[in-house]
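Here TrEMBL flags A:7-338 as domain 'Class II Histidinyl-tRNA synthetase (HisRS)-like catalytic core'. Residues or ranges marked as L-histidine binding site by TrEMBL: A:D65, A:F66, A:T67, A:R92, A:Q111, A:E115, A:R292, A:Y297, A:Y298.
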Amino acid sequence: MIPKQAKQSVGQRFLARFRDAGAEEIAPDILLPAGDLLDLYGEDIRARAYVTQDPIRGEMMLRPDFTVPVVRAHMQNGADPARYCYLGEVFRKQDMGDTRPAAPRDNEYLQCGFELFTRDPQADAEVFALFHDALAPLSLTAQIGDMGLLLDAVRGLPLTQARAVALMHHIWRPGRFARLLARFSTPAVARDFPEPAAAWAGMRTEDEMIRRIARLQSDAAVPPLSRVWTERLDRLFTLRAPAPDALAALTDLARDMPAIAPAVTRIRARLDAIAARGIDLSAVIFDASHGRTTLEYYDGFTFSFVAGRAGWPPVASGGRYDALTRVLGRGREIPAVGGIIRPGLVAELETQA
Amino acid sequence: MIRLGVPSKGRLMEQTFDWFADRGVRLSRAGSDREYAGRVEGVDGMSLVLLSAGEIPRELAAGRIELGVTGTDLVREKLAGWSSDLVELAPMGFGHADLILAVPDCWRDCATLDDFAAIARDFRAEHGFRLRIATKYHRLVRAWLATHEVADYQLVDSQGATEGTVANLTAEAIADITSSGETLRANNLRILDEAPILRSQATLFANRAAMGPAMAALTARLGLHGGG
């Protein structure tokens, strides 16, 4: 067992480093209004976050992560550009399945983070390089991805607007995405919509149902997506290679999938900017599906640093979340990228080294 | 002494008494119908505790009773990591019920969970909040929907009369236990065309820490194969 003070002092070391990189330290609340978080993460967050009741403020949550309160604070009174850093606990329930794990994961642990709000195109490289250099002594594996690339690829498929939107909505849910894609790739079967005996009930209106039935009926006439496209999509989604090789493969793919060409150009510029900061790209793994199973708010560049130990979450992770600032900014938006380090895991690695 | 917890009233209690009687153990209430003490005949070293069905999982896990009769639904909903604490000794063949997801029968376009997921997405876009599922089985329903990657919903707590929530506009769908489906039909609700979230029945559970020679002798006396 590593004492909490030791983890705290590892966190302070990273915090100092982030401060030296020009960040202003902030201390978001621990008790957060549940509404924002529920709206963003959905019901799943209730399984992971501690929910409590305040007689005046209503339902509150013990901070499950920092991004939401940091974005909220910035959207209320931050200037642009802005760099923030923080160190503090997050709280996550570990609801196990049928069997209690022998070594349950911590339900309260430290995160030390850095968030950058700016329109500077170098921002992704700046944040990645900062984390890369701070973690360099630990010999972790760096993995990167780009959700924008995947969204552009789906948007560019020869599909109806409705089908493309449905696929994009489920891009973070690989199983549901695969089922939808399979359905769109086979000839549609005309469906019966039997008349029920019962009268209308509930808040969903009959008009909503009639519109959906009309959409389903017109969708049944849409020809299936040809196999060549599902194969291209598969090639893209399973691409995982050292960054320079991945870039070559992406350039190749973009000839067949012109819709991803702008994203590939963006990725090339980002990699160049990372290399210009002295980082060896051949040691960085580009995984096209990186970020598909992580938090839903990352919509561009994503990164993580992993120790390769069974059952461990990444030692550090982050990404770009422009859309989140739009959701929380109520009309305002600002490009944003950032990430967190888990000082507790770093302390464990350093103790065992 | 092995303490056996049995639901304190209704058909579940009677059927449990019958199940033990078939195995040569006579259980009965001591004294009047209002008394929650029990009597055991035909076997030594076991006592009977009559409890509210909903409390049996917790009492078992806490070790205040060594054996208990309750539904698999209650154990899985109320005890996270249940199989670390409890052993399933025998399904008892009664108290069958399925935990299911049901929607208004008037939703002609909703047959499967895929339909449900699509409707939930549309509903959120149309109404500005997530489609509400009324239930008391929060953990089971949430885990099942997460496994099937359904996202655009929220659970609302309903501890009773759950079938009425749709008509009362406090939920759009319900997840509840049903055996015959009659109450659902009476409330114009229809079960989705999917395997149930959970098939439950009355089951004899033991506290894992209480598995020893005394328990082995008792389960052998009842004709059971020791359990896991």
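For all residues, glycine too, the Cβ spot is worked out from N, Cα and C.
In the three-state DSSP reading, A:Q111 (L-histidine binding site) counts as strand. Sparsest Cβ environment among the binding-site residues A:T67, A:Q111 (other Cβ atoms counted within 10 Å): A:Q111.
Neighbour count (other Cβ atoms within 10 Å of the Cβ, all protein chains): 19 for A:R292 (L-histidine binding site). Residues A:D65, A:F66, A:T67, A:R92, A:Q111, A:E115, A:R292, A:Y297, A:Y298 are recorded as binding L-histidine; their most distant pair of Cα atoms lies 22 Å apart. Counting neighbouring Cβ atoms within 10 Å of each of the binding-site residues (A:D65, A:Y298), the lowest count belongs to A:D65. A:D65 (L-histidine binding site) falls within neither a helix nor a strand when secondary structure is assigned with DSSP, and so counts as coil. Looking at the domain 'Class II Histidinyl-tRNA synthetase (HisRS)-like catalytic core' (A:7-338) alone, the prediction's average pLDDT is 92.
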